[in-house]
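Beneath this line is the structure, given in structure tokens, with notes to follow.
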Amino acid sequence: MSHRDTLFSAPIASLGDWTFDERVAEVFPDMIQRSVPGYSNIISMIGMLAERFVQPHTQVYDLGCSLGAATLSVRRNISHPGCRIIAIDNSPAMVERCRRHIDAYKAPTPVEVIEGDIRDVAIENASLVILNFTIQFLEPGDRQAILNKVYQGLNPGGALVLSEKFSFEDAHVGELLFNMHHDFKRRERLQRAGDQSKTQHAGKCNADRLCGNP
């Protein structure tokens, strides 16, 4: 069960350094939906790309798998013989919950969920590699090395799915997209506040009705 994200309703000073701990893992599905425009569509498209690019007797890598949404999308869309999905994340809390999610949905394609550093994982016999909003959490000097390793490990005809934030040389374009992203997140927060207000109002009205209050 996913919970609503209220982490950032706390004062900034009390949040501490950002880490993908149990608090974040618990609310991650809600957090990512409200932070990344079109996230559900991205996950669906990853499954559709898997249907086109995954080849029999090859491996799929989900690097920085978090709770396994992309892995599950791939698994639902492939049925090739001899395929295996390898999902890797360095957060123990994320890995634990990912394993639970994977185990809850049975399918023929086996999934191995690994707690580890994606920089240390060998990419071999891959027909699909997924980096879904993962690169940004690596040091700049490590990013090209990961991409090089993926390229070397991809089979002919394979694909890399890279979802990521980008910076632009054109400052006006960069500022526009930055502001639009923050507008999106602000709108999500306002929508959340409105939904909560409506729920509380409905609950009060129902309680008044049951108690016979006018």
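Just so you know, glycine gets a Cβ as well, placed from its N, Cα and C.
Keep in mind that TrEMBL annotations are predicted by a computer and have not been checked by a curator.
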Name the one residue among Asn77, Asn125, Asn132 that TrEMBL lists for the same S-adenosyl-L-methionine site as Tyr39, Gly64, Cys65, Ser66, Asp89, Asn90, Asp117, Ile118. Asn132
Restricting to the record's S-adenosyl-L-methionine-binding residues (Tyr39, Gly64, Cys65, Ser66, Asp89, Asn90, Asp117, Ile118, Asn132), give me the longest CA-CA distance in Å as a whole number. 24
Asp89 (S-adenosyl-L-methionine binding site) -> DSSP, reduced to three states, gives strand
